[in-house]
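Written below as structure tokens is the structure these notes are about.
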Amino acid sequence: MGLLLLVLILTPLLAAYRHPDFPLLEKAQQLLQSTGSPYSTNCWLCTSSSTETPGTAYPASPREWTSIEAELHISYQWDPNLKGLMRPANSLLSTVKQDFPDIRQKPPIFGPIFTNINLMGIAPICVTAKRKNGTNVGTLPSTVCNVTFTVDPNQQTYQTYTHNQFRHQPRFPKPPNITFPQGTLLDKSTRFCQGRPSSCSTRNFWFRPADYNQCLQISNLSSTAEWVLLDQTRNSLFWENKTKGANQSQTPCVQVLAGMTIATSYLGISAVSEFFGNSLTPLFHFHISTCLKTQGAFYICGQSIHQCLPSNWTGTCTIGYVTPDIFIAPGNLSLPIPIYGKSQLPRVRRAIHFIPLLAGLGILAGTGTGIAGITKASLTYSQLSKEIANNIDTMAKTLTTVQEQIDSLAAVVLQNRRGLDMLTAAQGGICLALDEKCCFWVNQSGKVQDNIRQLLNQASSLRERATQGWLNWEGTWKWFSWVLPFIGPFVSLLLLLLFGPCLLNLITQFVSSRLQAIKLQTNLSAGRRPRTIQESPF
């Protein structure tokens with residue numbers, strides 16, 4: 001009985017669900033084509049979905065090399081021979097972490113973001129690092145680089161401290177040296193490289209005061225009014241406009257070139273301690289990686305794109321920007337946008353989940369709650385169908401207004417045409433005067449009106465189906481969704497009250513008969529004949 005009631009309740013709910021009316025899409029597409037809408041005739045700007053060539057890389061300009069900001073990530077490794085220097089080494093390491101806020105201690109995630117990227121154009125600056133045991137990130141060919149800086153990563157540098165200097169701020173040596181092609185640098189008299197960028201912390205050891213004699217001009221990247229300068233002390237690039245004077249306010253704290261050279265360095269701190277007879281003892285090693293902090297900029301290394309370069313990297317890289325591959329599709333090209341009709345619509349099989357009817361009112365109450373959820377979803381779908389129908393009506397009215405404007409404009413154009421024909425009647429009309437082959441206008445407003453009428457009919461049909469059904473009466477669905485969860489427990493209680501006494505009576509008779517049979521069997525097994533009422537002595 002409960003299963004039959006469940007089926008009766010679920011049947012109208014499942015029947016209320018229907019697939020969307022996909023011919024509406026076909027009508028809308030035909031309407032756009034017949035009205036000559038720009039959405040159906042203009043070119044489409046599309047991005048490539050191919051995974052082989054995900055995009056194209058463009059190199060950064062020399063000025064962008066001076067403005068793109070980089071950041072450093074530091075990691076350290078203890079020397080296994082610390083022994084008695086563990087406490088002072090910990091003190092020195094805590095000083096390093098506190099005094100250099102421009103260095104991040106969390107290591108970044110390495111690896112190429114994209115591969116098979118093509119570099120368009122010539123890169124003004126490339127940086128090459130060669131290390132036998134380094135991490136290869138990719139190599140650009142020399143033909144795409146205007147100026148190539150070669151980093152000498154084989155330099156191993158240590159900073160020496162005595163035991164009583166552990167509490168002072170450490171000063172690391174300058175970054176590794178870089179070499180340049182012959183004739184690239186010109187010694188120009190300028191003080192532009194001196195000073196410190198305003199965005200840099202005063203405790204940053206990478207921007208120590210620069211030497212005046214170490215500020216050199218890169219001839220291949222400079223012009224008469226604009227100079228690209230290299231500070232060999234800090235391995236940083238500066239852009240100077242000779243007509244506006246020197247100003248380093250826009251210079252980032254850590255530049256790209258400085259970060260790339262620092263990431264190839266091998267830095268360590270040693271100490272002269274009395275524990276080892278005042279001999280030079282290594283304490284710990286620093287490994288520094290670099291990342292681009294400016295949004296949209298990447299390291300371009302060969303055909304790979306990186307956001308960060310690991311410590312001890314090797315290869316040839318430049319910086320630039322990446323754009324996805326874009327192609328222009330003409331208006332008459334069929335784009336891969338599937339539009340289905342009723343006959344082509346792939347039907348989705350919907351499985352109906354039946355709750356097993358087990359004993360207990362709790363299971364039946366859960367069934368009522370499930371029915372309420374299905375009803376709520378059906379009501380939501382109906383409301384969505386109404387909104388879609390309203391939107392279609394609005395779109396049809398808008399297209400009707402556009403068509404009326406086009407008809408009005410066509411009437412004005414034809415009126416002007418008649419006037420021009422009268423003025424050029426001696427030459428056979430404006431068409432012959434201009435030697436035009438197509439001089440006729442085909443009025444297709446009737447097709448547009450027919451398509452709009454069909455679109456409105458489809459919207460009206462969709463709205464009627466959404467408002468039909470015993471669960472969609474206007475004004476009842478708002479309170480019915482609250483009452484429906486109590487129907488399951490109420491019906492279960494009603495069934496229990498109707499059939500409970502009968503079931504209890506049957507169970508009582510069954511138990512009584514079984515007890516009488518057991519008692520009779522017990523008397524027979526004891527050898528006594530049961531007495532009837534007539535044989536009783538009483």
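Numbers here mean position along the shown chain, with the first residue as 1.
Glycine too: its Cβ is placed from the backbone N, Cα and C atoms.
According to Swiss-Prot, the protein has these features:
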- CYS43-CYS46: disulfide bond (DISULFID)
- CYS431-CYS438: disulfide bond (DISULFID)
- ASN133: N-linked glycosylation site (CARBOHYD)
- ASN146: N-linked glycosylation site (CARBOHYD)
- ASN177: N-linked glycosylation site (CARBOHYD)
- ASN220: N-linked glycosylation site (CARBOHYD)
- ASN241: N-linked glycosylation site (CARBOHYD)
- ASN247: N-linked glycosylation site (CARBOHYD)
- ASN312: N-linked glycosylation site (CARBOHYD)
- ASN332: N-linked glycosylation site (CARBOHYD)
- ASN443: N-linked glycosylation site (CARBOHYD)
- 354-374: region 'Fusion peptide' (REGION)
- 431-439: motif 'CX6CC' (MOTIF)
- 1-15: signal peptide (SIGNAL)
- 31-478: topological domain 'Extracellular' (TOPO_DOM)
- 500-538: topological domain 'Cytoplasmic' (TOPO_DOM)
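For ASN220 (N-linked glycosylation site), the nearest of the recorded positions by C-alpha distance turns out to be ASN241; the candidates were ASN133, ASN241, ASN312, CYS431. Cα-Cα distance from ASN312 (N-linked glycosylation site) to CYS431 (disulfide bond): 76 Å (rounded to the nearest whole number). On the 0 to 100 pLDDT scale, the motif 'CX6CC' (431-439) averages 66 in the predicted structure. Sequence-distant contacts of ASN146 (N-linked glycosylation site), defined by Cβ-Cβ distance under 8 angstroms and a gap of at least six in the same chain, are ILE122, ALA123, PRO124, ILE125, CYS126, ASN220, LEU221.
Looking at ASN133, ASN220, ASN241, ASN312, the glycosylation sites in this record, the fewest other C-beta atoms within 10 angstroms of the C-beta turn up around ASN133.
CYS431 (disulfide bond) is 60 Å away from ASN241 (N-linked glycosylation site) when you measure Cα to Cα.
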